[in-house]
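**Q** Have a look at this one.
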């Protein structure tokens, strides 16, 4: 009875807060503490319910109400948990993006940790192939120096140095002979005439070694022929004719270089069958045939260009007609390209006059007139400036 009186003397706000804080726990404790002689008075938290039911209620009805509230609360929490998946999906997508970023971080850290070991391995590989790397750098430097010098001498025309051209010829020939003499035991010069060098077993690096050296030597050989043409006096072979010879030699060099690596690569591809079973041998034959087909397609793809070069070389198309003195006087007798008096003036189809040598050098790279941009030449005459292709034919 004292406990019930204490409940009566408690302020309504306190009872309301306790009921709101733990309604189910309060109902259970109340139900468990009832005795036959005690009187329990239910204090409702809502004013509406208090006005409708001023009398005391059955404890079980309070328990049921509390149970209903607990079930309703659980249902609401369950409904909220089902309404959250879109947020969860957004969170998962964010985690996926952060996961991919973390993978890149791990990869970067792995590279940082592995860098010393990669350097050690790289130094070891360089030391194993130091001869080939040094020789490749030397051949490339020689080619760049000779190619630039030949182009400069062709551009100078009558002012070119015969001594410089002779030095380039001796330098290229001496470099080739010294290289083959140093490695005479391998008979690398055999590959120039479509024969295999004297190597028992060809590995991948040895194939690259043979093909690379042969390609540079062929370039040196045709560059030496260009030096010989430079040494020919202009009264025997005009500069215009020399340009056509440079173009023809370069095209011949490129087509010859297409076929030279074929025997070496064919032997390397087909050599798999010597140490394997029938399947491996068949695979080697198939790879070799596929290589030959690709080389033939490459050749026929360049055949059209080669025919155009031959047609230009034999027909020697003109860009105009010789200009008269009256026509030159109308142009003040000065060539707009060289800013000097006309030397063998040529009247283009667009009625502009230039020196024959000046306009020939111009059309080595361009198709249009220098002044009015009228198309005069149908094709660009490549390689007439004496240049050599820097492409390395490794296959």
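Glycine residues also receive a Cβ, built from the backbone N, Cα and C atoms like all the rest.
Pasting the relevant annotations from Swiss-Prot:
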{"type": "REGION", "residues": "1-58", "note": "region 'Disordered'"}
{"type": "REGION", "residues": "78-97", "note": "region 'Disordered'"}
{"type": "TRANSMEM", "residues": "118-138", "note": "transmembrane segment"}
{"type": "TRANSMEM", "residues": "165-185", "note": "transmembrane segment"}
{"type": "TRANSMEM", "residues": "193-213", "note": "transmembrane segment"}
{"type": "TRANSMEM", "residues": "216-236", "note": "transmembrane segment"}
{"type": "TRANSMEM", "residues": "258-278", "note": "transmembrane segment"}
{"type": "TRANSMEM", "residues": "283-303", "note": "transmembrane segment"}
{"type": "ZN_FING", "residues": "335-373", "note": "zinc finger"}
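Buried or exposed, and what's around them? Tell me for each listed feature.
**A** Under 8 Å from some Cβ of the transmembrane segment (118-138) lie the Cβ atoms of residues 179, 205, 208-209, 212-213, all in the same chain and six or more residues away from its ends.
Under 8 Å from some Cβ of the transmembrane segment (165-185) lie the Cβ atoms of residues 135, 139, 142, 146, 149-150, 153, 198, 213, 217, 220-221, 223-224, 227-228, 230-231, all in the same chain and six or more residues away from its ends.
Residues of the same chain lying 6 or more positions beyond the ends of the transmembrane segment (193-213) and with a Cβ under 8 Å from any Cβ of it are 129, 132, 135-136, 139, 179, 183, 185-187, 259-265, 267-268, 271, 392-395.
Beyond its flanks by at least six residues, the zinc finger (335-373) meets 155, 157, 239-240, 243, 318-323, 327-328, 379-382, 384-385 of its own chain at Cβ-Cβ distances under 8 Å.
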**Q** Averaged over the zinc finger (335-373), what pLDDT does the predicted model reach?
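**A** Taking every residue of the zinc finger (335-373) together, the mean pLDDT is 82.
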**Q** Residue counts in helix (H, G, I), strand (E, B) and coil for the zinc finger (335-373), per DSSP?
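**A** Counting residues per DSSP class in the zinc finger (335-373), I get 7 helix, 9 strand, 23 coil.
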